[in-house]
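Scroll down for the structure; my scribbles are underneath it.
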Amino acid sequence: MKFEDLLLEIGGFGRFQILILLILCLPRINLPMHFLLHNFLAATPSHRCAIPHQEAFVNLTVEEVLLISIPREPDGTFRSCEMFSRPQFQLLLNSSLRPENDSIIQPCQHGWAYDHSQFTSTISTQWDLVCEQRGLNQATATFFFIGVTMGAVVFGYLSDRFGRKTMLLLSLVCSVVFGMLSAASVSYSMLAVTRTLTGVALSGVSLIVLPLGMEWVDIQHRTLTGILTSIFWSIGNMLLAMVAYLVREWHWLLVAVTGPCLLSIVCLWWVPESARWLIANGKVKQAHRHLLRCARMNGRKDFALLLPSSHLSQALRRMATDKKPGESYSYISLFRTPVLRKISLCSGAVWFGVAFSYYGMSMNLTGFGLNTYLSQFVFGIIEIPAKMIMYVLVNRVGRRQSQAWALILTGLCIGANVIIPKPFTSLRSVVAIMGKGFSEAAFTTVFLYTSELYPTVLRQNGMGYTSFVARLGGALAPLVFLLDEVWRSLPEVTYCGVAVCCGSVAFLLPETLNVRLPEGIEDIE
């Protein structure tokens, strides 16, 4: 008897599974509120050099002081990072005059003045992370994703070793601790360290939630489970926009997005450990207890009568993966056998492309002609129909084709906006919306697809490895924006090229539609 057969007997998608999925959706909602927090935490409002008061300015208006103190761009706006070394009073007579020479233009000497109409306080305004320090501002997101990358390795291994539920609880507790410490940061260095550690902790949540729910669900409802869980990510996206709109001060914003982890910790009490993991690790008694609870909640009370405990225990022991005494699996096991090696290399490339293009688009909220909050909300809404369409496609067309084309079309939409002239704002917005939809479709599929590619004994190691590679993409994505100093369109060209190449690699992966979840390595090979 396979575990899938046992699930059919006790109910593969009943009240028991629905309760688990609803509880696991709470931390899922919370994830994007941290992963995309950079859009608001490190937002850079309009700014200019601060002008110290001088006696000569007494009779001048604010506009006149700016006119003689700060050079202007060709479009007439004041420069953000430069000022005149001495006031240019001749500009009061004729503002179209050019400065005597460029040598009188210098970087800001007295700090910056910020427009606080949209953001009361961000880390950019707190520590002047603008102009020459702009790289440090973008690096905040990179530090977070470096933490997520490290966490993917740690929690992927630990959850296969010590269990899904235990590691999920640990990661939630650590998320609360480091999230609150981030809110209390008194320096940029402290924020960088605590955000990195928050990324490590949240990586466990990201990594464990989907497989823990998926391992309790039968084949027929696996896709539905993956899509439903993913929809709560989009809800978190929209909630982030609303929370950030209501909380404009960055310290309290961090508190607001970290607090919900406490609710998840409390609710986790009602979530059982994965029966698949328990059986694969020889913990038959615990698996037996959870399976009987599942049968009772799903209304299969006759299950215990038809299959006595002694017979069930024997069936579970036979089901346990044949592991030699003392044998253990690690990340190296992902590359030891030929089929697993191919799956690991190809899925790693796909995950990198998915995350690199997704976060590249999600952290660029300036292409809609809307304010930042509305753009974030629109991006969240766009994702939901994309997920609904993918639910149909992955069941009709298959996982492999859906994954490959979603990522390739993401890249083509990004590339199209490089070619479309700037004045065509409506067309550019439509293409950007389509690209965001394809990007989310690719991300939705890759979570489901990867959890089906790896066997139970290595599933969390596999998810940990692919998540590690994905977070490398997420860490690099914000830094690519700095390439606009080399060529304005270079970031978009980079996102486009990576998405198309990595999408093409997905064609090399095996199809998993309507295939049993593999239990051991021999099922893959």
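Positions of Cβ are set from backbone N, Cα and C atoms, glycine also.
Copied over from TrEMBL, here are the features:
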type	residues	note
DOMAIN	87-513	domain 'Major facilitator superfamily (MFS) profile'
TRANSMEM	139-158	transmembrane segment
TRANSMEM	170-191	transmembrane segment
TRANSMEM	197-217	transmembrane segment
TRANSMEM	224-246	transmembrane segment
TRANSMEM	252-271	transmembrane segment
TRANSMEM	343-361	transmembrane segment
TRANSMEM	373-393	transmembrane segment
TRANSMEM	405-424	transmembrane segment
*Recorded stretches the transmembrane segment (405-424) and the transmembrane segment (343-361) touching, at least 3 CB pairs under 8 Å*: yes
*In this predicted model, what is the average pLDDT of the domain 'Major facilitator superfamily (MFS) profile' (87-513)?*
86
_Beyond the flanks of the transmembrane segment (224-246) by 6 or more, those residues with Cβ under 8 Å of it_ = 13, 17, 21, 24-25, 28-33, 36-37, 39-40, 209-210, 213-214, 217, 253, 256-257, 373-374, 376-377, 379-381, 383-384, 387-388, 390-391, 440, 443-444, 447-448, 451
